[in-house]
Amino acid sequence: MSVTSFYHIPLVFFSLIIAAVASYNFLNLVAHLHTRTGYIRTILLLGGASTSGVGIWSMHFIAMLAFHLPIPIQCNFSLLLTSMVVPMISSFIVLLTFSQKKLSFRSICLASIFMGTGISSMHYIGMESLEIAAKIHYTLYSIPLSTLIAIFHSFIAFFILFRFKKDFQRFTIWKMISALFMGIAVFGMHYFAMAGTTFTPVHLVHSTSSTFSINHLLLAAIIGIAVFTIFVFTTATLLIDRLLKETEKYHQSLFTQTPDMVFLLNTDGTFVSGNPVFEKITGYAPEDYIGKHFQLFIDPKDCKKAIMFFHQALEGKVNEFDVKTKHKNGGTIDIHTKLIPMTVESELKGIYVIAQNITELKQSRKELETLHHKHTLILNSMAEGVYGIDRYTNIVFCNPAAEKMTGYKAEEVIGKCLHLMIHHTKLDETPHHIEECPIYRSVQEGRTYHITKDIFFRKDGTSFLVSYTSTPILENGDVVGAVITFTDITEKQKTEELIRTSEKLSVAGQLAAGIAHEIRNPLTAIKGFLKLLESELGEKKHYLQIVQSEIQRIELILSELLVLAKPQATKFVPKEMRLLLTHVTALLETHGNLHNIQIITEIEPDLPLVECDENGLKQVFINFLKNAMEAMPNGGEIRIEAKKNGHDSIVIRFIDQGCGIPEEQLRKIGQPFFTTKEKGTGLGFMVSKKIIEDHGGTIHITSRVNEGTTIEVTLPIHIQTTPLPPKHVSTL
């Protein structure tokens, strides 16, 4: 005969609440455990298993308290403790299963079996811990069916949890539904099993094992511990859940609000997600690209490159590159992409891609390159040299014409001060301070300077005449540099000098013609009177011969002056320079002795013949010697050197010890009417130079102030063996 029993309804509902709360915490942990790593994962595994085990056991214990029998009840402590440990172990196995990254249907089934078996085992071990004066009987179907109830409802709870896990907006609702089924698994299993249990009174045999009676004090303690444990873990779980949500919102905000395109690729290259910017720029909706391979959206020309960089990212390398992607409307977009491997505990989970739309930037670059190419062509085609400088007068560019004129390559001058490189000295050879430099002032004052004549210096140290313009470069009203355009005016200056010389020669020719005609008439009269005196001089007749010789030379000079107005034929014949120089020396030696000047000759023997006009060369050499004597008021030596100069010419030097000629005057010698003497006409050297040039020779002058002057004449030697016809030259 079985014992009649009944339930205390408030405790029944309380046991249901305990089961639901414990289930919710357990499932909440199951849903997020796979996102945790390291020691946090271990703590959650152990804490979650313990809390779940205590919650399930507490529900069972409270439900047993709600069950009333008319006989005293005692419990075996060891079995009671074992009944608490069993659901902890099953919960730990379930948590360990769900902590894996990839879950399958098979995993859910196994976890449900472990969970249901653990709940059922806890119940029946707890029943065996009861020591009462009755025998406990279970119906044939109660044990397997109650276990199946626990397994089935656990499966429903786990399936709902993972089936709707991606439904973020309603996940909390699905989690509560899942917790309800999990609570039913615990609650339903217990009460279904109790429904199939009967108690038959027997004589109670006292156990030798440790037992205790269930009383209200123990009830309060157990319920307090269980509720406190569940409350603490529930609070901790809620806080963790809140932190996770805040973190997810933060990352989601970064993901959606960033101005760049951001998307995530699986390790197989398929899209996982993309932010709104990606969708806006490419035109694709999430359903157009999620789950598809990125290669489908890359321009075919860039596919190989994109795949190569993707594989490098899979190896852990961060890469940046430009690639063309397809727009939904059929066009293409240029994007700059950065591939970042996403790893968790050294395990590659996917590839983050951050991309920027550079279509407009590339178009701007292309237009800029085209414009730069045109400007380069213009600069390279200019005959004028062009330098660009910054606000500190450092060179930032130059064109080929500037390189050619200065000898400096662009790479040799870029970044260096223009003034120090090519503009450090003035025309008068004094240092050119940068503060006085028009180029520097152009940058400082923001004004354009045009200089008609100045000098720039070449790489080899030589200088050349230039005219240049320095124009400031303005940006937003501020001077940021200047452009200097310059022209080599050396040839222009020579041309202008030749024109001026020609004009002076024309004037000199007209003047000389008038003078020659005026002097010839008195000379003719003098020659006539000398003829009358010739028979009366007697022993002094040789003086008359000298006078007549000099009159003849005057007539020759007058004839040469007339050439300025009208050239005439001059006969060139081979002559010995030794005899010609000796004759000239003899003519002026007496004049030199009067002024304490000694003429020393060093003439190389066997000098070749020179094809020349003897009187013309005499005129030149006498002019040089007279000039040398006039430059030596205190006396001294005049050296005349003559020697071969290679195989085709001879060189004759006139070296004096006079006062010398300053550099600025030396440049002007040879210009018509320029003279350094008080009574000079400015025609002597010009005439001499012209005569030497008509002989195919050259004149070179060097001079040092207070040391003396050297005039070097180079004349071609006579190499022909047949008589030469007269040359028509302009001699002065």
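Using N, Cα and C of the backbone, Cβ positions are placed for all residues, glycine too.
Feature annotation from TrEMBL assigns transmembrane segment to 6-31 (among others).
Summarising the annotation, TrEMBL assigns domain 'MHYT' to 7-200.
What TrEMBL records for 43-71 (among others) is transmembrane segment.
According to TrEMBL, the transmembrane segment annotation covers 77-96 (among others).
Residues or ranges marked as transmembrane segment by TrEMBL: 108-126 (among others).
Residues or ranges marked as transmembrane segment in TrEMBL: 138-161 (among others).
Positions annotated as transmembrane segment by TrEMBL: 173-194 (among others).
The transmembrane segment annotation in TrEMBL covers 214-240 (among others).
Sequence annotations record features per position, and here TrEMBL assigns domain 'PAS' to 247-317 (among others).
TrEMBL lists 319-370 (among others) with the feature domain 'PAC'. Mean pLDDT, taken over the domain 'PAC' (319-370), works out to 86 on the 0 to 100 scale.
Taken from TrEMBL, the feature domain 'PAS' covers 378-416 (among others). Among residues of the same chain six or more beyond the domain 'PAS' (378-416), those with a C-beta under 8 A of the stretch's C-beta atoms are 422, 434, 439-440, 443, 456-460, 464, 473, 479-488.
Residues annotated as domain 'PAC' in TrEMBL: 450-501 (among others).
As annotated by TrEMBL, domain 'Histidine kinase' applies to 514-719.
Only residues 6 or more beyond the boundaries of the transmembrane segment (173-194), in the same chain, are considered here, and those with a CB under 8 A from a CB of the stretch are 12, 15-16, 19-20, 22-24, 26-28, 31, 56, 59-60, 63, 67, 115-116, 119-120, 123-124, 127, 138, 142-143, 145-147, 149-154, 156-158, 160-161, 164, 167.
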